[in-house]
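Presented below is the structure to which this report refers.
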Amino acid sequence: MEDVGCDSRRFPHTFQASSASATLFHETSRSSPRFPHENRSLLYSHIHRRKARCFRITVTARLPRARSSPVRRDHHGRPSHLQHHDQGLHQQRLPHQSYTYLQLYAGNECSDHFTYNFALKACARVMKRMEEDEVKAFGFVIDRKGSEIHCRVLKLGFDRDLYVQNSLIFVYSQCGSVELARCVFDEMTDRSASSWNIMLSAYDQVADFESADYLFQLMPEKNVVSWNTLLARHVRSSNIEAAKIVFREMPVRNSVSWNSMIAGYVQVRDYDRALKLFREMQIAEVEATEVTLISILGACAETGALEIGRKIHESLNLQHHKIGGYLGVALVDMYSKCGKLSSAWEVFGELKMKPVGCWNAMIVGLGVHGYCNEALELFAAMERQLGEVTPNRITFIGVLIACSRKGLVEEGRRYFNQMVQEYKIVPDEKHYGCMVDLLSRWGLLEEAFEMIKAVPSGPSSLLWRTLLGACRVHGNVELAEQSFQQLAKLEPLRDAYYVLLSNIYAEAERWDDVERLRNEMICKGVPKTLGFSHVEMK
């Protein structure tokens, strides 16, 4: 390369334009010409960036570093090759490579308070990105590495640096060592708002709400992040009344505050208040984020508020907002549940990437509204894309609903067995409910009765209620009585079951049994619930 006049400032751009593998980069870095010290760092920085993008952090750790040359740093003063590793870590989630990344950080000969700050954040980030089984396998390793870095921080005198201290609190909290996090917090001579917020989140993470409340009261200055942390905690625990008080008392609210409160109402199924708060948010001229819209579209789906959902969709189109991911799923689900299947199908067709939730919303919507053949055809199309998307438990609920509506008993049995044997999905109450509905709807009451008794976790009131309703349709008084006896054990004060059995007796002209059942209701103190209907006025 020296023969053709290549210099170190042109050499990195060759790597930027190249799509070669990380292995090629490694070999090139070993055989690259010896550039002057002041330029060699630039070359290695670019090689590190390319390798990080190729997810080969373990290989990158073996790159030579010019020990005597000046190290290029970013605008934070952080070594630039470490910055590229950080970007690579964001693109992959494998704990082995991430651990090597931490070794690279802690072993860097140019370590300063910036280096240790990012090294500690890397420890916490690795823990946060791990699945539960990976945390069990590698969590203690990351915790140990964080402790090792803490020891070096103390040795080198960086323990009084505010950013390093905040990072220490963060890594200990992510590893579940809240006591150690609190020790670091207590030893801080100067605390920023971030210090308080990180410690507050640490207590919330381990559900130590008493300590979190106490710490919140001690905070000298509560910013919007502090209030949002407290609000989010009440929402997560479904304590919506406490969340309302916090939301009202907040001196300043941002979009996160509104999102949390709206999501809280949706979580406890108070959809009317969620929609009302969304209107207040619009009046306050707070810009709705995707998170807000997903929650509101969910509320629209459950209440049938089609017009609000449609206006949100129109607004997104006017803003040329790219619809995809969870927002796309929410739109398809909203249109499907509101019965606007043509619009649901239109959104579904426009989505380039269709997650499993999108397929599920469409299949369930088609099945519920009687488009059973279309639902089963869509499921077949989904199966043809098994490499990209895999059916889950909700998918088969939609498929079984379609079979039930259409009366496809044999197909329903086949899909149920396919779910268990091929996809290894353990049937839950809703799957059994669909099968009982399918069998009993088409007169196979005895088979439905046997299936209910065979449920591994024990039959629920939903299954017996489904069978009781079918007994009325088919006039099977004997099975109706057996179903009622089971329901009376599970929900003894539920008047609907008494009314249903009474109607079955009346249709069979067994008037003595009707009178006996009514007297039994009075003796047991079963209340009679008044019926009502809900009408939305425009």
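The backbone N, Cα and C atoms fix where each Cβ goes, and this holds for glycine too.
What TrEMBL annotates here:
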COMPBIAS  73-82  compositional bias 'Basic residues'
REGION    66-90  region 'Disordered'
REPEAT    192-226  repeat 'PPR'
REPEAT    254-288  repeat 'PPR'
Checklist outcome for this item: DSSP composition of the repeat 'PPR' (192-226), residue counts helix/strand/coil, works out to 26 helix, 0 strand, 9 coil
Checklist entry - Which value does the mean pLDDT take for the repeat 'PPR' (254-288) in this predicted structure? => result 93
Item to check | Helix, strand and coil totals (DSSP H, G, I; E, B; other) for the repeat 'PPR' (254-288) | outcome: 26 helix, 0 strand, 9 coil
